[in-house]
Amino acid sequence: MMRNIVCFAVVLVVADLYLTSGRFVNYVPNDRLEDAKDKVSVGDELTALEDESLDSGVTKNSRNLLNHLIPTREKRKAVKDSSRRWTNNEIPFEIDYFQFNKDEVQIIYDAMYIWQHHTCLRFRPRETHDRNFVKFMKGEFCYSTTHGMNGGQQNISLPQVCFNRQSTLHEIGHAIGFYHEHKRPDRDQYITVHEENIEDKFKYAFEKSNEIETYGLPYDYTSIMHYPWNAFSKNNEITIQTKDPSFQNIIGQTQDLSYYDIQLANLMYNCR
Ligand SMILES: [Zn+2]
């Protein structure tokens with residue numbers, strides 16, 4: 001059964017409590033990811049995804065849309081502060097190989113590969129001179145330091161309880177600079193937040209944010225960054241109601257990057 005993504009934001013940290021779950025620009029084989037794989041202990045060989053299997057991880061709808069994409073620069077949900085974009089579109093990373101097993105490391109690589117495949121972002125093992133980097137580790141709960149490059153080490157915590165490819169894609173999204181979809185300033189046109197059903201201590205996670213830059217992209221019910229209908233419900237009643245009922249059971253269920261997730265990252269980082 002599919003589990004749901006729910007993160008909550010705490011100033012610089014976005015935490016996921018209940019987790020489940022382009023443009024083809026300048027794809028470069030992951031040479032540097034290969035380097036990192038060497039750091040995995042003997043016997044823990046990792047296999048990079050083949051293009052074919054990667055494509056199968058992207059929704060058919062997205063692929064169709066991608067084929068008809070007409071790039072436009074006027075249309076640009078992301079952190080507004082451009083200083084929080086990753087320098088040179090490169091995201092140095094470390095993985096705590098003592099905390100993750102082989103399958104988990106593979107999922108982390110898969111998720112980085114998917115983001116990289118659809119954008120001009122590049123993940124590479126951290127080198128000694130890299131001050132700013134992402135570290136994959138297992139904390140007490142799922143979270144990602146937000147939003148974008150904050151400076152220094154920023155953790156992506158993926159403990160067993162919420163570990164899978166969907167949540168890994170989601171947490172990397174925060175590190176790239178993505179906010180939760182339902183925090184967009186225009187969200188009230190698309191969803192109704194039922195505060196009366198939300199646990200008091202998590203109500204802040206449903207607040208709209210003025211720090212979000214939408215780049216003119218439409219509200220995306222299928223975003224990897226969207227909460228599910230019952231996120232942080234205190235009574236199992238609905239907390240997020242979609243104005244378009246057909247999306248009610250879709251929000252928070254997405255297994256892959258959506259068309260607009262990919263678009264957004266490409267706009268944020270000026271991918272061509
Ligand atoms: Zn989140």
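The backbone N, Cα and C atoms fix where each Cβ goes, glycine too.
Because TrEMBL annotations are produced automatically, they should be read as predictions rather than curated entries.
Packing around GLU171 (active site) is summarised by its Cβ count: 32 other Cβ atoms lie within 10 angstroms of its Cβ, all protein chains included. In the three-state DSSP scheme, GLU171 (active site) falls into the helix class. Annotation comment: TrEMBL describes GLU171 as active site.
Annotated Zn(2+) binding site per TrEMBL: HIS170, HIS174, HIS180, in sequence order.
Annotation source TrEMBL lists domain 'Peptidase M12A' at 77-272.
Positions annotated as signal peptide by TrEMBL: 1-22.
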Candidate with sparsest Cβ neighbourhood (10 Å radius) among HIS170, HIS180, the listed binding-site residues: HIS180
Per-residue pLDDT averaged over the domain 'Peptidase M12A' (77-272), given as an integer: 94
